[in-house]
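Pulled from TrEMBL:
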type	residues	note
DOMAIN	5-414	domain 'TRAP C4-dicarboxylate transport system permease DctM subunit'
TRANSMEM	6-30	transmembrane segment
TRANSMEM	42-62	transmembrane segment
TRANSMEM	91-116	transmembrane segment
TRANSMEM	166-190	transmembrane segment
TRANSMEM	211-231	transmembrane segment
TRANSMEM	237-255	transmembrane segment
TRANSMEM	267-292	transmembrane segment
TRANSMEM	312-341	transmembrane segment
TRANSMEM	353-374	transmembrane segment
TRANSMEM	394-412	transmembrane segment
Amino acid sequence: MIIAIIVFAVLLCIGMPIAICLGLFGIAHITTMGNPAFFDIIIGRMFSGVSIISISCIPFFIMAGELMNSGGITRRLLDFLRSFIGRLKGGMAYCTIALSAILAAILGSAQANASLLNQILPAQLEKDGYPPEYSGALISAASVLGPIIPPSTMFIFYCFLTDVSIQYMFIAGIIPGIILALAYCVTVFINMRKMDIKKPEGKFNLREFGVSFVKAIPALLVPAIIIGGVLSGFCTAIEAGAVACVAAFVVSLIYRELDLKKIPAMMLRTAISTGAIFLIIAFGNLLAWTMAKDGIADLIISAILAVTSNKYLIIFLILLLLVLVGCVLDMASATLIFIPVMFPLIQMIGMDVVHFGIVFSLMITIGMITPPVGQVLFITCNVSGVGFKPLCQRIWPFIVASFATTFALAYLPDIVLILPRLFGYLG
């Protein structure tokens, strides 16, 4: 196992694609296990990882993001938010958080949120006087709402590995997502007291608000249809992906900004992104199987229980581990590797599985904005052009807000579970 870990670390450090790292890690692990028969089932284990119907919605969510970006949906949502929130001091910052929350209800991914927001918001924020590094930090932090507010691709991975109800996971993510968004708003409010950002000129204009609201109605219907469909039982969480894609396409046609000639290119980008994700899932499933065969979960459980048997201390140790994992690995890899290892321990200490799924997702996403790695930070730097070092200096207040929110939710499970219980969850 040590040899396999060294192989994985070296490949990761030299910049090898994460899917290849996972695959070679799994094969190296099989080699050290000393059973040649295991090599005969490598392809079977990889195929079983991508043949599960619960992940079939992923390409639809990716395509929905492509359609939103090209169909004028995002711009109209921003215009609507600015018509009333934008009048406050720091209004554009609050609009950024609110827009990310709405997009999260369609895209379900921090990377997709970050990429889309960084294409449209930096110029608007700079126009209102925000320093580029603060704008980048704000967008990066707001982007992590993507995997928390349903529909979330991270929740889909988690439920695929644990057999937890996707519908209850989606419902459970609503309140934590709102709380995290409010925590970021509080952070912005504190920052505005220290920054020289002027309050936008003019007062609230009811007519402007009404016009922007009418124009945004089709765009607002997209997340409303997705979440409402899942909560009402009209569609399953898996079918929500197809609903999101169709809704985004129809709304783009209504706005008459979608160039139909660009659809083949959108579909190609969707196929490439989906292929990359599915390759990670395939190799991750192979690695998870080898770790289960080698009894890695039992070893980790024994090591943690040797330190403490206190439930709350165990949760604390898990939280620390997860944020480190989130710094290095992407969402899919972290979930596929560590959920099979941690899930038996969670069940042993009596932590609710839906509650743990939310906490796990929060900690992994915090890792994605935590220096020195932080994948979302690199996306922001690449798309917006802001420097990595000044971006890291500005992101820390948002990281503190994220940690405070997650630790509170980790030790107050009723906040997470109150909504699922209203819909029949018995946990």
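Glycine is no exception: its Cβ is also placed from the backbone N, Cα and C atoms.
Note: the stretches the transmembrane segment (312-341) and the transmembrane segment (394-412) are in contact (3+ CB pairs below 8 A, sequence gap of 6 or more). Ranked by number of Cβ pairs under 8 Å to the transmembrane segment (353-374), the listed stretches 42-62, 91-116, 166-190, 211-231 are led by 166-190.
Same-chain residues lying 6+ beyond the ends of the transmembrane segment (42-62) with a Cβ under 8 Å from its Cβ atoms: 26-27, 30, 106-109, 112, 151, 153, 156-157, 159-160, 166, 237-242, 244-245, 269-271, 273-274, 277-278, 281-286, 289, 336. For the transmembrane segment (267-292), the list of distant contacts is 18-20, 22-23, 25-27, 29-30, 33, 38, 42, 45-50, 55, 58-59, 62-63, 66, 157, 161, 330, 332-333, 335-337, 339-341: same-chain residues at least six beyond its ends, Cβ to Cβ under 8 Å. Non-local neighbours of the transmembrane segment (166-190) in the same chain are 54, 90, 93-94, 97-98, 100-101, 104, 138, 141-142, 144-145, 148-152, 155-156, 158-159, 227, 230-231, 236-238, 240, 354-355, 357-358, 361-362, 397-398, 400-402, 404-405, 409, 415-420, 423, 425, 427; each lies 6+ residues outside the stretch with a CB under 8 Å from one of its CB atoms.
Cβ atoms under 8 Å from those of the transmembrane segment (237-255) belong to residues 53-54, 56-61, 63-64, 67-68, 70-73, 76, 106, 150-151, 155-156, 166-167, 169-170, 218-219, 221-222, 225-226, 229-230 of the same chain, restricted to positions at least 6 beyond its ends. Listed by sequence, the residues of this chain that lie at least six past the ends of the transmembrane segment (91-116) yet keep a Cβ under 8 A from its Cβ atoms are 61-62, 64-65, 68-69, 74, 77-78, 81-82, 85, 124-125, 128, 130, 138-140, 142-156, 177-178, 181, 184-185, 188, 191-192, 199-200, 220, 222-223, 226-227, 244, 248, 330-331, 365, 368, 375-376, 379-380, 383. For the domain 'TRAP C4-dicarboxylate transport system permease DctM subunit' (5-414), the predicted model reports an average pLDDT of 83.
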